[in-house]
Amino acid sequence: MSLQMVSSISNSSLLQPGFSLMNFDGHVFFFGQKGWPKRSCPTGVFLLDIKQNELKMKPAFFSKDSCYLPPLRYPALCTLRSDESDEFQYIIHGGKTPNNDLSDKVYFMSLVSKTSKKITFQCIEKDLGGDVPEARYGHTINVVHSRGKSMSVLFGGRSYTPLAQRTTEKWNSVVDCLPSVFLIDFEFGWCTSYILPELQDGLSFHVSIARDDTIYILGGHSLQNNARSPNLYKLKIDLPLGSPAVTCTILPGGISVSSAIVTQISDTEFVLVGGYHSDNQKRLVCNTIVLEDGKIGIVESVSPEWTPDIKHCRMWFGCDMGKGSVLLGIPGANKQLIPDANYFYILRCKGAEEDKEEELVTQICSQTSSEDPGDSTPFEDSEEFCFSSEANSFDIDDADTYNEDDEEDESETGYWITCCASCNIDVNTWVPFYSTELNKPAMILCSSGAGHWVHAQCMDLSETMLLRLSEANVKYFCNKHVDLHKGLQTPQKQQILKKQPMKPLHRKKTMKLSTSMKKSFLRRLFE
């Protein structure tokens, strides 16, 4: 094993415990940054360009038909390969948002196009039915294959205390999820949960390794009894034509560890690195795990020569970078002379000759997660993260390198202004409100004076009204100026209706009779 420090890394403050890595064709991509994405990289997905022990971050893009992907920390992540081709995609489930909200959503991430200057992904959200797993983090997801079928298996993790059980003192406290095993058929979008008698306690930040129809679960931390399980569980999934069958066996030879990292070095061999023996003791021992003939063997292997900084730091975190490479990070407080927030090392578990002969390609077989140190007491298993890819140079010299220093102060300009006295839009806490929003809030122009922009959400505009205003050619006035605009409006000149003179009524002419004529008429009438 060889350990090498990444001598210079740009924007290392974005890489905090809880980040994830994805590997497409030997190129490593990072997501799950600290805080919400900014305009320089609205997707929150970056290419990690590692050359000559220097790491640079370059923005990646999403296709137009992609959904919004929040910067999730500590999600469960694995690869799903196509049966007909070498193409594959990543399954992402759960995790924490920068607001510390937990997600229960499932995303599929696939590579759409790749050029020398632009890499485009497609991100699709999948809907699930049946026994849908609750929102969680610190869990694992793997894909198993049996009788020509494939299914995903989800297990473990933590979630917030149910609302009915919360108290004022422990409102945001977390608990272990029930030790249920979930089988997920993504072809039909259906979940089925299984309760196994061998799995009594909930686990989080454990290691899971899948091979064919079997998953091995190693270590993990239980909040209920504050212990790291020494058990080694073997889950076997049979997928006949009828209902699936799930069985669990407890095997000897487990390791009491949490938050360990697993990287694959060959078809049957894996290396277990890092983690914690207890709340205040890091695990500096490495192990080799061999899967052959339906059996698992775990032996201690030669550990690298850890640097004094790693030995004496209180916590560490990292990510599997695929086939024998691991990215490890330690807090910057241990190196006062360097101003960066975190400092990183690349651990290569293969020999130098093997590294030259074979290009590292990701084969994800385990997941682990971690939490910010500030979210819990020191040395809790929340100080861990999610792993998945590999460190290999990506030779794209023409691509733009992301530099956080080049970002405008978006709290004062652009979409992140304070548009009114009651504005509550913040770049670090904002989440999409309208269905048309992706990575920035919807805004509308107020026509008062020289005009100024306001957030549609702050104006309490419904989505229907917002769409009508955007399509119609009319002026809009914000809540502050709408009354003023009405007061300054000149009343419309009312047209005076001309009254036509009424025509006089024409009476019928009557003939007047004289007195003598009346007498003569009456005389004749009575004769």
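Each residue, glycine too, has its Cβ placed from N, Cα and C.
Here's what TrEMBL has on this protein:
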- C419, C423, H455, C458: Zn(2+) 1 binding site (BINDING)
- C446, H452, C478, H481: Zn(2+) 2 binding site (BINDING)
- 372-382: compositional bias 'Acidic residues' (COMPBIAS)
- 414-491: domain 'Recombination activating protein 2 PHD' (DOMAIN)
- 361-382: region 'Disordered' (REGION)
Neighbour tally for H481 (Zn(2+) 2 binding site), based on other Cβ positions within 10 Å of its Cβ: 17
Residue, out of the binding-site residues H452, H455, whose Cβ gathers the largest set of other Cβ atoms within 10 Å: H455
Residue pair H452 (Zn(2+) 2 binding site), C419 (Zn(2+) 1 binding site) - Cα distance, angstrom, rounded: 8
C446, H452, C478, H481 excluded, remaining Cβ within 8 Å of their centroid (Zn(2+) 2): L445, S447, S448, G451, V454, Y476, F477, K480
C419, C458, C478 as binding-site residues, winner by CB count within 10 A: C419
Rounded inter-Cα distance in Å - H481 (Zn(2+) 2 binding site), C419 (Zn(2+) 1 binding site): 13
C446 (Zn(2+) 2 binding site) and C458 (Zn(2+) 1 binding site), Cα-Cα, nearest whole angstrom: 13
Site with most surrounding Cβ atoms, counting all protein chains shown within 10 Å, from the binding-site residues C423, C446: C446
Cβ-centroid neighbours of Zn(2+) 1 site C419, C423, H455, C458, 8 Å, sequence order: I417, T418, C420, S422, N424, I425, P441, V454, Q457, M459
Nearest-integer angstrom distance between the alpha carbons (Cα) of C478 (Zn(2+) 2 binding site) and H455 (Zn(2+) 1 binding site): 10
